[in-house]
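Input: a single structure, listed below in structure tokens.
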Amino acid sequence: MPFPAPVGGLVLPSDLAPSIVFAVLYALLLPLVAYRIFDRRSRTLLLLGTIIFSVERIVIFSLRAAQSQKVDMRLSTGLLKYMQVSFGVGFIGLANDLVNLLRCLLVNPTYGPEKWEEAPASSTKETYFQAPEQGDEDRPKERFWVRRYSDFTNLAFMAASIPGGIGGSQFNRNHFTSGDSAKANRAMTFRYASASVALFLMFMIQAGALWSRRKQRRHCERAISLILAISLLTTVVAVYRLSVMWHESPALDSTVPGTLNSPGAKASFYILHILPEWLASAILLGFNTRKSFGTGAFGDWRGVDDRPKDIERREKRKAKRAAKKAEKSGEKRVELVSGSPASVV
């Protein structure tokens, strides 16, 4: 029995040019990665997954470029497994970052003026989210269900990545000629389960963003447009995978129709799988995500609203910081006053 064809096919000499192009394109994102890490006003932990993904893609396309020129690397079982796992779960990791951004998008408009200090947007300078005005209602119940919605989606994305990883790890050069139908069916089932669940969850992200646009008065149109654009790009990847994973190959290096090794299949892979991933990464890193989604440094990390004792503790810390700041500014004024006569002399 043939074994499922690897997505992207076997790395052939024709893969050299596109592999170099995408390695360079991802390398061009490195200055943005460095800027987002070191610039305080745009630094947020919610981009960590995208940053790791972008760096990893430089590695994988450098390896594909080397494989295209070396036969022994081309047929390596270890590299085959690594690439199928990476392509199977990479776009899910990108989409998973969107869940944390969606949480901020949905949570920020629920805060009233009395609780605004707890909102992630309150710790984001020049955020696109509108601060509540006097009289705006605080909606803790809505906030609670938004958090549960994002918690479920987050866990479901993690669950979707597990079968994707297992399905990719089933690939072995010898499996294509062993005729083991059980292993072939296992690889097929796990890959389809992962991509199907991921696609459904992307629809949930889009539904959440559209709900905010329709129901939340202080929604952020910029954040909604960005998350819809990025989620549509990752949706293209999921749909592409679902449309090609039924193909089977009698041998890893076979070029018969349906093995995903033809020039047309290769072009489809780079245009419909790899290019949308790069565009999604470029958007997340190119725009100031912290400012656009009002994430602060850590996003909406609260599982529930602060209790009275949490608020009291926060106020004490704030008062302590204010006292230290006043003390330091007082010391600086004393130094300036005491140093002025000497400067005159």
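Note that Cβ sites are derived from N, Cα and C of the backbone, with glycine treated the same way.
Counting residue by residue with DSSP, the compositional bias 'Basic and acidic residues' (305-314) contains 7 helix, 0 strand, 3 coil. Taken from TrEMBL, the feature compositional bias 'Basic and acidic residues' covers 305-314 (among others).
Among the features that TrEMBL reports, compositional bias 'Basic and acidic residues' is placed at 324-335 (among others).
The annotation region 'Disordered' is assigned in TrEMBL to 305-345.
Summarising the annotation, TrEMBL assigns transmembrane segment to 20-38 (among others).
Tertiary neighbourhood of the transmembrane segment (45-65): same-chain residues 11, 15-16, 19-20, 22-23, 26-27, 29-30, 33, 36-37, 73, 79, 82-83, 86, 90, 93-94, 96-97, 100-101, 104, 277-278, 281, 284-285, 289-290, 293, 295, 297-299, selected by CB-CB distance under 8 Å and a gap of 6+ residues from either end. Marked as transmembrane segment by TrEMBL: 45-65 (among others).
Annotated transmembrane segment per TrEMBL: 85-106 (among others), in sequence order.
The transmembrane segment feature in TrEMBL is assigned to 152-172 (among others). Tertiary proximity for the transmembrane segment (152-172) is limited to same-chain residues at least six positions away from its ends with a CB under 8 Å from its CB atoms, namely 3, 6, 77, 80-81, 83-89, 92-93, 95-96, 99-100, 102, 183, 186-191, 193-195, 197-198, 201, 204-205, 208.
Per TrEMBL, transmembrane segment is recorded for 192-211 (among others). Within the chain carrying the transmembrane segment (192-211), a Cβ under 8 angstroms from the stretch's Cβ atoms is held by residues 88-89, 91-92, 95, 98-99, 102, 105-106, 149-150, 153, 156-157, 159-164, 167, 224, 227-228, 231-232, 234-235, 238-239, 241-242, 245, all 6 or more beyond its ends.
Annotation source TrEMBL lists transmembrane segment at 223-247 (among others).
Residues or ranges marked as transmembrane segment in TrEMBL: 267-287 (among others).
Touching of the transmembrane segment (20-38) and the transmembrane segment (223-247) is ruled out by the presence of fewer than three CB pairs under 8 A, sequence neighbours closer than 6 excluded.
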